[in-house]
Amino acid sequence: MPSFFKLSQRKKLRSKVKKQKEDPMKVDELTEPIYPLLEDQLSFIKRKTGNSADVVVRKASFDEKLGIKTAVVYVEGISNSQSINEFLIQSIIMNRELHRKSPEKDPFDILKEEIVALGDVKIHLDWDGVFQSLMSGETIVLVDGCSKALSASTRGGEQRSIEEPGSQVTVRGPRDGFTESIGTNISLVRRRIQNPNLWVETMKIGTVTKTDVSLVYIKGIAKEDIVNEVRSRLKRIEIDSILESGYIEQLIEDESFTTFPTFYYTERPDIVAGNLLEGRVSIMVNGTPFALIAPTVFIQFFQSVEDYYSRAYLATSLRFLRILIFFISIIAPASYIAGTTFHQEMIPTQLLIAIAAQRETVPFPAFVEALIMEVAFEILREAGVRMPRAVGSAISIVGALVIGQAAVQAGIVSPAMVIIVAITAIANFATPSFAVAISARIIRFLFMVVAATFGFYGIILGILVLAIHLTSLRSFGVPYFAPLAPLVPSGLGDSVVRTPMWALKKRPSLIANKQNQTRMGKNQHPRPNKSRGMVPRHPQEDQE
Amino acid sequence: MKRNYLILTLHLILCVLLSGCWSKKELTDLAIISAMGLDLNDKGEYVSTLQVINPSNVAGGLQGGGGSKGPPVTVYTATGSNIIEVNQVASTKLPRRRYYAHTNLLVIGEELARKEGIDNILDAFERNPEFRMTAVIIIAQGAKASDLLKVMTPVDKIPANKIIKNLKFTEEQWGEFFTINLQNAIKDLTTTGKSTVITGFSVSGSPEQGKKLENIQDSDPETTIGATGLGIFKEGKLINWFEGKTARGTGWILHKVKNTGISFSWMDKEDAVVYQIIREQTNSIPKIKKGKPHITIEVKAEGNIMELRMPADLMDPLVLLKMEKEIEKTIKDELLLAVEEAKKNKTDIFGFGEAFHQSYPKDWEKLKEGWHDVHFPELAVDVKVDAYIRRTGLRNNANELQ
Amino acid sequence: MEKAKIGAYQLFVLILLFELGSAVLVPIAIEAKRDAWLAILLGMVGGILLFFVYYRLYRFYPKLVLTEYIEKLVGKILGKILSFCYILFFAYSAARVLRDFGEMLLTYAYVNTPLFIVNTLLILVIIYAIQKGIEVLARTGELFFILLYLLAITGFLLLIFSGLFDLKQLKPFLEDGWGLVLKVVASQTLYVPFGEAIVFAMIFPYLKDSKKIKIAGVCGILLSGINLALVMAINISVLGIDLASRSQFPLLSTVQSIQIAEFLERLDVFFMVSMVIGIFFKVSLYFYAAVSATTILFKIKEPSKLVYPMGLAILFMSITIANSYSEHIKEGLIVTTRFLHPFFLVVIPVILLGIAYFKNWGRKRKSQNGAKNASMSQKG
């Protein structure tokens, strides 16, 4: 809250009381101190929440002789009703005599110190805090005659349990995924990194939604500059709502004029933990299982978490495959168009004759043919993604029939084109990162247009522009194409290739803190005892 | 910056949209020419023959049709006074744009090769970016190029492919004829110390019958084409044909022989043993002895005995040594025969002159003038052959009637 | 001057791509016949010496680019005139290379496309790159350096496997004696492409570690020289001297003669990719030098606004420069290599170096502190 409000609080108080009734959302009113009378307090809460049904008020008398009443207020559903009943309401009712024994004490203090049997207890002096606590699932305890409120942490309620994440499935690796609750998510990471240096900075973003956003990093491994930069960018956000981490991503990214993501997002706690250990920063948002990771480099999107769990040779060859896949999904249709309309000399004669024979009956130019097929495929895919699962299979059958069989038999498209579209589609599905796969989908169409107008010259220029664009991107100051361009020799071990684990001695030097880059001891190469093979023989041992 | 992007993208879009597609050529608009033939007619004009592929009649299996609906190729001819003109005239008959990038074969009629030579016509092919320098060039021996290109061939449906493959495999397995592409031909033409050799193909049977589709529906086609001779050129003009052993001798010296069978006599029986070469190395070593040019051809051959038509003890190394001597003699005879024939024709098809140029650039200055006419026929040529029999196949001795 | 830092490796890559640029495509030093490779290697030695001249100049003024220290060395008015000449020279060179490129593309692949369109497309991409700055250009260079060498190695292996090499074609060695080779070196290879490294005098101050300039430059020129000599030797050994010297683009003819297994043939696209990449970097660097020199000379605050009009100017220059390819080449041989190159690449830098030595020597005499300061600033 801006501080000058507090200075002129009193004056504004009187003048604004009447207006407030018309506009319950007025912010100024919330900075007012809490009214002393319980009735006023409760009616204010009811008015502010518009008598919402899920706001529960339970009154109880605290000291019948003195007529002190208390009230417990909580929001049903987001709070843990069992602990409210047991540790708050029951406790208050059972301990009524405590005040009678020592009436000189402030009933509020007694309540706080001796009755409320819950961990996180806070005292609020103004309404703003009261509502924030109430709406985040805490329980408010009000005492008649006290112009303050007590909040006890009773967050809870129904949540999705931890399940295997739907995206980024692995064969080998942990099976737990993030849920919609930020507390659970942080705990999943904390369980993996049991270290006090794992710092979690939480802030509320969204003037209406008041969403919890946490900045998670490992103190000492993450670069201070980057943490400060992320924090200041988060602080700069002024928006009514944050419903998903995508909101944050779009508000704090370095370059918005691009199809490529400058944030990595994941719903796997092991990926978050791994990235935190490389010195990256994670942004978690309440209400979504997707955590953001920054700074991000392009090559990250071709790395799967399983690369680190499986052995190096497999991981390296898979990464090469993924890069190939990315290129195929971008330029396969474009190359087909360029090859069949500009550079027929490139195609081996036999193949050219085969393609020409297929195309004899096709009434469209190659570009239009490719465009029709690609668009048809995109439609099918979009339909498949959005439709209920039960209808999904029907769509794939219709799609396969329409695209695969009927169109070819009717001579509207050539079988070669179907093959190209199919390869492109499969390649696109095989791209490990959905975000990059989507940008490849868009860029593919641009490449098709340049290929149709200038052939391979257009494609090469397109690749040049793409390369210039990609290398000009930055994610929180880190060049997007690092460690390839600019070349960081120490980072190459975990880029296109993944060297064996014992050779990955350093954290990425552009990302991790300069003082703390070594991540393992010396001589980590496995050294098993040689028992067979070309080993010098010791006759004495044999005798034994 | 934002405005710059906008301007940039706007310009790009405008460029793309306004530019259209100048160099675009749809596949369905192309007449893919598989082979081109050149002849000379009575008036001294060029006659060009274009063998155009009908893709749907070649690629079988599509839509259940199979490839036998029509002829795999169609041939168009046109007449004109230079190569470009003659080909543009051809477009009056063609329904599509002529496309030369897949023209893998250039056939030159014997009359044209003898009268005009090939040096003038090759420029048009060299200059055109569409035409490929890897296209194979052959001469229609005793025929017109147009006759050769009109013959339908079995197995390989496209006649041009048939000729190219035919040439490739006969080079690999027999060594008498070999593939010369445009680049090789031009290289030889522009080298003073070397003359060109180009393989000749001829038509056997009636050319008229060969045009018909029935020709390939017969198990024994009436009209066939095949390699028959090696055309020897002098100053770009065809002057003679080498055939048989002379041709293979040329192949030896040019280091083109890969696998070939050499039959030699054994114990006075003619052609009793066949020796199959598996590896061969030829070197021509120039020397100037007492101011006179002198060439030593060194041949090293390795191979196996493949056929034995009379008993011989192949287990005895001494026998094999004797056989090696015979082989060496046979090969040497072939080589000398080729050299003699070339000398008679006064044309250095072996590139001996170029070898002198490379090793004795100063002496070459004197030899250069009149190399083919004066110095080459007088050139002293030595042949040294080393032949080795490595293996003798699955049997050691020949079967004998008991 | 923009705020940017590039590393020594990036400088090496840029030098390499710049030198290879168009030189690898055209028949460079073919006048030396079969000894073209030798002429290239000798030119490279000369190029390294010239590079030392540029480097030494830079060491005198480690924070300034070429056009800035010209003013300091020869005085304001003459300096400004010379700077302006250099701008014209850079722009003209960029236009020439762009024209080379357009002609190449039109000759062998896009016969029916107007030169204007082909050049426009490339210059637009270049403008885009230059607007992003030297850092991005250097990074893009790093990526395409890898691509180019992958292509080159593949091409080389394919040539070997297709058995096209005939090393005898390179004989006889020195058929026309040393005279011809040295003449070609002095009239061509010394300047194109090696002396052209003067554009890097406009880039040196961006380096993070100024001490590594020397090693990066020498390595870059050395490797590019060896590569060019190798390519030329390969061209001649595959095509023979006659075809190689008659080819407008010998490398294209060489690549086109590859034929393996009936499938790997017609690899013209290899040539096209390497061509576009090489030309892109060559034009970009010339263009960048021209833009940054103009910014300095006319004290323009926003260089990025200058990029667009200058790009268009280069585009139009590239088209109006000559009527035909032959005219363009002739112009290049007579005007550029006979007058412009010796003047801008050799004479002026050497004179400047002389003046710089003289001035610094004088200064040293006056006070020894000056020398200390100079060395301090060099360290910084």
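Even glycines carry a Cβ here, placed using N, Cα and C.
As annotated by TrEMBL, transmembrane segment applies to C:12-30, C:36-57, C:77-95, C:107-131, C:143-165, C:185-207, C:219-241, C:269-294, C:306-326, C:338-358.
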To the transmembrane segment (C:219-241), which of C:12-30, C:143-165, C:185-207, C:269-294 is linked by the most Cβ pairs under 8 Å?
C:12-30
Is it the case that the transmembrane segment (C:12-30) and the transmembrane segment (C:77-95) touch, counting contact as three or more CB pairs under 8 Å in which the residues of each pair are 6 or more positions apart?
no
Are the transmembrane segment (C:338-358) and the transmembrane segment (C:107-131) close enough that 3 or more Cβ pairs fall under 8 Å, when only pairs 6 or more apart in sequence count?
no
Stretch contact, the transmembrane segment (C:338-358) with the transmembrane segment (C:36-57), Cβ-Cβ under 8 Å, 3+ pairs:
yes
For the transmembrane segment (C:77-95): best-contacting stretch of C:36-57, C:185-207, C:269-294, C:306-326, by Cβ pairs under 8 Å:
C:269-294
Intrachain residues whose Cβ lies under 8 Å of the transmembrane segment (C:306-326), provided they are six or more past its termini:
91-92, 94-96, 98-99, 102-103, 107, 115-116, 119-120, 123-124, 126-127, 130-131, 248, 283, 287, 290-291, 294-295, 300
